[in-house]
Amino acid sequence: MLGFWKFIRSVRQLELHRLILLLIIFCLFSMCFLAYYVSNNPKIKEAPPLPLSDCGAGSSGVQRAPLFVSPQTSRHFVKTVENLRTEPTVLVFVESIYSQLSQEIMAILESSRFKYIEISPGKGEMPPMKDNDKGRFALIVFENILKYVNLETQNREQLDKYCVEYGVGMIGFFKANENSLLSAQLKGFPLYLHSNLGLRDYRINPNAPLLYITRANEVDKGPLPGEDWTVFQSNHSTYEPVLLASTKSAETFSHLSSHRALHATVVQDLGLHDGIQRVLFGNNLSFWLHKLIFVDSIAYLTSKRLCLSLDRYLLVDIDDIFVGKEGTRMKVSDVEHQRAHQDPVALNHTFYQVVSATPSASPELQALQSRCLTPGKYAVHLHRWLQHFQASQLLVVDGTQLRLNPVVVMEGIQRFLGITPLFNYTQALMFDEAKGFWCQRMENGRPKCLGKNKGRKYPEMDPESRTFLSHFYLEHNMDLLKLLDRLGQTLPVWLREELQNTSWS
C-alpha cells in the first residue's frame, strides 16, 4: 500500500513539472509576440495633454524647454530647463544651398521670420557654438541626417555635448535614392530605416507631443506621391511616431511585415536614449503635411520660442474706397476691356434692366443681377461672420473716413488689433493733389499712388436706377443699422445719409 502512494506522488510531481514547463514556454512565446507586435506596428493612442505653453513668454518671461530625464519617467511628464541661455537662431547644415530641400527649409524659416545661419560643405564642418556662456543656436537642422551620424568623433561629441548642456533639439531628414539600402540601422541609434517604399493612407498620430498647428483628423486615403519613402522601426520607448502610413504592396517589400501595418514616416525622439530630442523625417518637405510638422517641430524643440501664433486676421476687400478728382472719367479703352469678356447679358441689357430684373427673367440675367446686388446686403454677410467670430473681434471701418482721414482711422485699427508700438502713418502717407487722394510716401518724399485705373470718378447714376436701388436696399440698410447699433459700432456716414435721403423720398 505504501508503494502505491509513492507511485501516485511521483506521477503528480511529474505532471506539476510539465505544467510549469508549459507555463514558461507560453510566457516566452507571449513576450516574443508582444515585442514583434510593438516594433512593427506603431499604434495611435489617445490625444496628449495640452501644450506646456503658447507662443511667446509666459507671465514670468522665462521660456522652458522640455527634456526627458529617464526611461522610467512617463512619456509626457517632462523636466524643464531654462532655455533663455541660447539665441533664438537656427543652425542649418545643408548639402548644397541649391538643393530642393535646403531651399524649402530656408523658405519656411524666412517666411516665419526665424533667424538662421546656413552651413554648407564649403564653409567648414562646425561653427562656434557658444558666445561666452550663451549658446548661439536654439535648434539644429540637418538636411541629411547621415551627415550628423557620420561626423568626425570630436565634432560629434562637441555637438552632442552642446545639445545636452543647453537643451537644444535637432531635426533631420533622410531622403532615399537609388543607392540607398532597403534596410539599415541608423549608426549609433536603436533605429532601423526601410527605404524606397511606396506608401498609402497617411494619418497623424494624435498622441505625438509636438503637434501644435497640425491636428489629427481623418485618414488621407490613397497613395502618397513617389516611391522613395523611408519608414522608421524601433522598439525603444524614446521614439514616438508622428506620421504613419501603410505600404502599397506586401510582396514587393518582403523585409517589412504586412502592408496593412502602420509604419512611421516621421518619428519624434523623446530624448530617452542620449538626452537629445530630435524629429526625423523619412522624406523631404515636398508633401504638404511635412511642412506643417516641420513648423510644429521647430516650435516644440525650441519650447515655443520659435513658433507661429494661431491668431489669424482676415481682411475683406469689398470694393475701392478711393475717389479721384473731378474730371476723370472712364475711357473708351476701359469699356472695350469690359466688352472683351463677351458677356452677352451685360452687352444686351442696360444697368437698370439688370438690377431691376424680375423672377420671370432669364436665368443668366438673374445670375448677373445677384452678382450685382448680393454684395450690398451687408447685414446678411455680417451675420454669417458672427456665426464664427465674437462681436468684439469685428471692427467696421467707415470707408468715407478712411478716404478723408486715413491716419486717424489706421491708428484706431491698430489699437483695435492691439498692435504695439503704433505705426506712424503720418510719415507713411501723403495727399496727392493730382490723384485727389492719399498715397504712400516714399523715402525720397515722392508719392507712390495706385494705378491709373484706380481712383476714377464715374458718371452719375441715372435717377431711375438710383431710386430703385434706394428702395431695394432700404430694408437691408435698416437691418444693418440695428445690427451695428447692437454691436456698439459707429454708423458709417454713407449709411446715415442714405437712410435720411430714403426717408424723405
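Heads up, the Cβ atoms here are built off N, Cα and C, so glycines get one too.
Now, the feature entries from TrEMBL:
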| type | residues | note |
| --- | --- | --- |
| BINDING | Ser333, Trp438, Lys454, Gly455, Arg456, Lys457, Tyr458 | 3'-phosphoadenylyl sulfate binding site |
| DISULFID | Cys439-Cys449 | disulfide bond |
| DOMAIN | 86-301 | domain 'Heparan sulfate-N-deacetylase N-terminal' |
| DOMAIN | 332-475 | domain 'Sulfotransferase' |
| TRANSMEM | 20-38 | transmembrane segment |
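Known features from TrEMBL, placed on the structure.
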residue : record                                  : Cβ neighbours (10 Å)
Trp438  : 3'-phosphoadenylyl sulfate binding site : 21
Cys439  : disulfide bond                          : 18
Cys449  : disulfide bond                          : 19
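Helix, strand and coil counts under DSSP for the domain 'Sulfotransferase' (332-475) come to 75 helix, 11 strand, 58 coil. For the domain 'Heparan sulfate-N-deacetylase N-terminal' (86-301), the model gives a mean pLDDT of 89. Across the structure, Trp438 (3'-phosphoadenylyl sulfate binding site) and Cys449 (disulfide bond) are spaced 8 Å apart at their Cα atoms.
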